[in-house]
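Engineer: Okay, these came from TrEMBL:
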| type | residues | note |
| --- | --- | --- |
| SIGNAL | 1-34 | signal peptide |
| REGION | 32-87 | region 'Disordered' |
| DOMAIN | 109-341 | domain 'Peptidase S11 D-alanyl-D-alanine carboxypeptidase A N-terminal' |
| ACT_SITE | Ser141 | active site, acyl-ester intermediate |
| ACT_SITE | Lys144 | active site, proton acceptor |
| ACT_SITE | Ser196 | active site |
| BINDING | Lys314 | substrate binding site |
| TRANSMEM | 397-422 | transmembrane segment |
Amino acid sequence: MRTSSARRSARRPLLAALCTALALSVAPLVPANADPSPASGTVTLTDTPVPGDEHCPYRVHTPPPVDDSEVVAPGKTTPTPLPVPEPPVGGEKLAACGVVADPAAGPVPDKLTSQGWLIADLESGNVIAAKDPHGRFRPASTIKVLLALVALNELDLDAPVKATVNDWSMEGDACGVGPGGQYTVRDIVTGLLVVSGNDCANMLARELGGYDETLAKMNAEAKSLGALDTRAATPSGLDSAGMSTSPYDLAVIFRAAMANDEFRRMIGLKTYEFPGYPARKDVPGDTDHPPYLMGTSNTLLRDGVPGMTILGGKTGFTDDSLKTFVGAAESGGRSIVIVQMFGLNEADNSYHQQAVRMYQYGFAASPSISVGTLDTGRAGDDRAAISRDPASGADSLAIGALPLILIVVAALTGASMIVLWFRRRRRRTGGYRR
């Protein structure tokens, strides 16, 4: 069929109209880059929350490692990054990669070195302020909060636990377990939280069914909480390929853990008498190792902060994660949870001091201030309507997008009917030539 240039021109308005209608119907399928412009003075957003965008370097991947801790073994493959939920868990405003805060709460704390941080009300779940709340960073030992939560939900605290040489030889911070020592699950979970013992993490992993089974349980728990940026790759938080979490997720996990009375008691301990173990027969000249009084690695809890009661917290550090922290404090009947990730101490500006300023900002803010929520509905596996697949860079549609798909189908059907009507009309008026 040949069509004259005049007739081609006559068809352009129709095609343009159809394209416009189709674009309007498809538009809801495209993830919004930011919350619609709020009322003046309500919220401040900085940067553009586009997965993979240069303004959001950690939306999909954690920062590049500085050592070989994430090099996979021969025959293994590096895990694919977790999908990025769209809309973001906790509210559209939390898609921001820069600082998101309500001006009514005043200027956010200055000189915070963390690449990602969050301040929220522990009880209400209102997020008061944050920076890159869904940015993905390595948790280091803060992931032990998730391990403790799984252990407390599953294990008998009075059950005996035997230590092995492998536990004794674990890399990093240690509780000080030894072969032949008599321990309970309560001892091990407490040591995990008070001094961040990797030996205790190894023992708990064994009690929970083994290394891989423990990771599966930790990741299932994170998902059930709606912590969709989180993947545990080691029970202790030692760096390994695929490990990630976010400021938002750590706050969600810590909040859930604080609802457990045993966790709340353990995380608030400044000291704990940890059992000893007998002399090792395989070590010449070794003597009995008596019980000792372990002290918390959380300086905020150890030293205290004027004007508030520190409820507890979990510290962390590796060369790749830099400094991490999640914790809570109470003042005037109100509790605030804070998260710091991928930061460092500075001269005259320690991580401890930065945390204090974050707590003070949270307590000073009105309880009504909210730029998001830690309430995820415990439905993490059903939240995302559209999820970006980091491996392919394409958007994959989940069940939640079905109504939008139906809109598109309806639009296409309507467009087809318009085309058929024009064709029939032109046939009646001699508009087409064959």
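Cβ coordinates are placed from backbone N, Cα and C, and glycine is handled just like the others.
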Engineer: Let me know the model's mean pLDDT on the domain 'Peptidase S11 D-alanyl-D-alanine carboxypeptidase A N-terminal' (109-341).
Structural biologist: 98
Engineer: Under a criterion of Cβ-Cβ distance under 8 Å and sequence separation of at least 6, what residues of the same chain contact Lys144 (active site, proton acceptor)?
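Structural biologist: Once residues fewer than 6 apart are set aside, Lys144 (active site, proton acceptor) is near Leu192, Leu193, Ser196, Ala201, Pro235, Ser236, Gly237, Lys314.
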Engineer: If one looks at the chain holding the residue listed as 'active site, acyl-ester intermediate', which residues at least 6 apart in sequence have a CB under 8 angstroms from its CB?
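Structural biologist: Looking at Cβ-Cβ distances below 8 Å from the residue listed as 'active site, acyl-ester intermediate', excluding near sequence neighbours, one finds Asp173, Ser196, Ser236, Gly237, Lys314, Thr315, Gly316, Phe317, Thr324.
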Engineer: Name the secondary structure element type, per DSSP in three states, that contains Ser141 (active site, acyl-ester intermediate).
Structural biologist: helix
Engineer: Which of Ser196, Lys314 (the recorded positions) has the most other Cβ atoms within 10 Å?
Structural biologist: Lys314
